[in-house]
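Novice: Below is a structure I'd like to ask you about.
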């Protein structure tokens with residue numbers, strides 16, 4: 001990590017009040033910490049927009065495992081793309097519903113393609129890809 005450099009930011013008073021309220025709500029000790037997180041968030045988003053960059057993310061799926069062949073179809077799709085899946089966790093939410101969390105890593109395009117294929121599988125009740133970073137491009 002390089003040296004820390006101070007710089008100024010000019011905001012109108014209403015925006016600053018909202019930002020300070022957000023900092024309090026999120027328990028940031030200083031505005032600088034919040035601004036650093038905002039910048040990192042934009043940089044992670046930029047990584048994801050470059051489809052050849054290696055990215056990481058977590059895909060969350062909720063589905064009824066009693067739905068005909070659904071669990072088998074999801075497993076088959078996961079096996080087809082095993083090189084993108086680092087880890088998976090399967091949780092029984094109740095008698096019918098399961099939550100599956102997949103940790104993904106690979107080229108952005110491959111991660112997004114696999115996520116969309118799993119989310120759009122007939123019978124999946126909920127699916128969301130949470131963007132993350134490998135940390136290699138973030139300081």
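Just so it is clear, glycine is given a Cβ too, placed from its N, Cα and C backbone atoms.
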Novice: Looking at Swiss-Prot, which one out of 23, 98 binds Ni(2+) in the same site as 79, 90, 92?
Specialist: 98
Novice: Would you mind listing, in sequence order, the residues at least six apart from residue 79 (Ni(2+) binding site) in the same chain with a Cβ closer than 8 Å to its Cβ?
Specialist: none
